[in-house]
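Notes follow once the structure below has been shown.
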Amino acid sequence: SEKLIKCFPSAPDLIPPGACNLLNSSTIYANNEVDLSEVDIYGFDYDYTLALYSNALNALIYNTARNFLIEHFKYPEGIRKYDYLPNFAVRGLHYDIQKGLLMKIDAFHYIQPGTVYRGLSPVPDEHVLELFGGTYHIPLQQDSGFYGKGPKVKQFMDIFSIPEMTLLAVANDFFITNDIEYDPVHLFKDVSEAIGMVHLKGYMYKWIMQDLDKFILRGEETEAVLHRLVSHGKKLFLITNSPFSFVDKGMTHMVGKDWRDFFDVVIVQADKPHFFTDCIKPFRRLDGNGDLRWEKIKSLDKGQIYKQGNLFDFLRLTGWRGSKVLYFGDHLYSDLADLMLRHGWRTAAIVPELEQETRVVSTSRYSLNLTWLQALTGLMERLQTYRDPESKQILQEWQKEREELRVMTKNMFNPQFGSIFRTCHNPTYFSRRLCRFSDVYMASLSCLLNYDLSYIFYPRRTPLQHEAPLWMDQLCTGCMKTPFLEEMSHIR
Ligand SMILES: [Mg+2]
């Protein structure tokens, strides 16, 4: 075994030169090859796609929902003492409704050890195993279903759900630490209704409209993207679940009062994902006062505002089919899944978390940790065939070191749940869905500014398990430095 260690280079030597600088948060990442010159029509979701919101919104949603929980649902006053915890939860987590557990699940439906929380406290691995009958596996029939709303385990997918997970954790924590008996199923339902009330009662719309400067980020970049697309002769459309008055206010703020000139079709209150799956609701037109008109819709015209509708009518009336359409959205299920699986539009996912995650991944500390973790794993793989006591002793030490490295690597992202893209050794459930439902993904719409509109995105060819790892091939495509970045410096 000493021979094995000696023949291995030291960890820093294992990192390819320049590897730490390959990533930047303005890059667009490809799961599938996309040739922008083939894309004639660009479609957009509104919230968290065209309009990127500040995290300040999460604290307001949390505070208001917490107060609803106490005042409307008569929960104990003590819950009010819990302030919002901005970095507690991350997107894509699963929640076991009956057990009251928040956790991260990997692409193979296994819970990642060390990422299970009851209330605000971690649940020890042994206890997790006990709770799930001796396994970390979550059976498919309990799990999320297609849209993440499974009977027993729910996946939190949208960005709004971060305050919801935090409120759930806080309320669970209050009952547990005060030793008060409660039913986690009631709690789950009441918290989700309290969060729903923030939306339904229009609070969120009101806050944003009252202080657009504070809540909408990078509006000028959205304007630049739209302007660039239109000036290259592209057709644009908008499909949002939000009401017109709200979208109008935000778009006027970002783009100007003539924002509708950019779009060939504008659809509000579309009721996604049903918009993409059902063909029931016909389109209706809103007049200049925002009132609904009764006429039958026979065409979707520029300058008009439409409400509801469905994708089947949309395709029939516009003829915008297949891979000449690229649709941008932040919600993997409501925005992208059906388009990808049923309709063959190209899809682009907006994943704001990439900004922070690529920053971590680019640090030399992370590369060093990860490279050593991989090297150590390789050493363990080879050492396991030696059965002498000394080798066994070393193997145990390495196992311990590997565990420490795993925890260290995880904590560089979110101390509770780690990266939203990876568990220890696997992609997360979220990651797998992201790869399946999006052709390309990026931190924000503004990443598009860094690419020519005839650019071809090539995914990195990652070797399958039975294929030889050709490292040079991996470094060739998919991780090039972003072109044109310097030229865009004036807008950043
Ligand atoms: Mg959205």
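Just so it is clear, glycine is given a Cβ too, placed from its N, Cα and C backbone atoms.
Its own atom aside, the Cβ of ASP45 (active site, nucleophile) has 24 Cβ atoms within 10 angstroms in the protein chains shown. Sequence annotations record features per position, and here TrEMBL assigns active site, nucleophile to ASP45.
For ASP47 (active site, proton donor), the same-chain residues 6+ apart in sequence whose C-beta sits under 8 angstroms from its C-beta are TYR53, THR240, ASN241, SER242, ASP330. Feature annotation from TrEMBL assigns active site, proton donor to ASP47.
The Mg(2+) binding site annotation in TrEMBL covers ASP45, ASP330. A 10 Å cutoff on Cβ-Cβ distances gives ASP330 (Mg(2+) binding site) a total of 24 other Cβ atoms nearby, all chains included.
Taken from TrEMBL, the feature GMP binding site applies to ASP47.
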